[in-house]
């Protein structure tokens, strides 16, 4: 089984997309870090959400914050919740109201003006993320969006948006998790002085 070309092209494509992040998205990544840190300094909670692979990324980033990002960095837990993690709430909402309301209903219940909603969507067109953004804004929350391609319907709807310059879902998700890790580093450094 020979897959040298496939493997090489996947790695090169991933490198190419990530190389574009630094010059074009550095200010937005820094701005997102500031929004998250400011919320946490004000006793806010970070609410993450996504669908499919982005759901896994949302849960991953929230877990890094609640537990710890870097091994050996002992620190207080950071309040971060992945809204896509409670199966009872998700299935009840999908059954009773519809899948598009999964995150909106939870933000309606819990979101406060000191909190931040962080939505991950590779297309920028996920209806449940769109409704969550609208609910977050109603609650006076800040919104950070990790998007892909042209940003979709969510382009221009956030306080800070980070749009990955690719239309390939895998490349967008790889970049989203990289940015999530960078944001974890910024938070640990700003709140606890950890490198």
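Every residue, even glycine, has its Cβ placed from backbone N, Cα and C.
Since this is a predicted model, take the numbers as computed values, not measurements.
The following features are taken from Swiss-Prot:
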BINDING   51, 52, 53, 64, 95, 96, 121, 122, 123, 126, 173  substrate binding site
BINDING   60, 64, 173, 181  Zn(2+) binding site
DOMAIN    36-195  domain 'SIS'
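Once the Cα atoms of 51, 52, 53, 64, 95, 96, 121, 122, 123, 126, 173, the listed binders of substrate, are compared pairwise, the greatest separation found is 32 Å. Of all Cβ atoms in the protein chains displayed, 17 besides its own lie within 10 Å of the Cβ of residue 53 (substrate binding site). A separation of roughly 12 Å, to the nearest angstrom, links the Cα atoms of residue 181 (Zn(2+) binding site) and residue 173 (substrate binding site). Here the binding-site residues are 51, 121, and the one whose Cβ sees the fewest other Cβ atoms within 10 Å is 51. Once Cβ contacts within 10 Å are tallied over all protein chains shown, the binding-site residues 95, 123, 173 are led by 173. Confidence over the domain 'SIS' (36-195), given as mean pLDDT on the 0 to 100 scale, stands at 97.
Proximity of residue 64 (Zn(2+) binding site) to non-local residues of its own chain (separation of 6 or more, Cβ distance below 8 Å) is seen for 180, 181, 184, given in sequence order.
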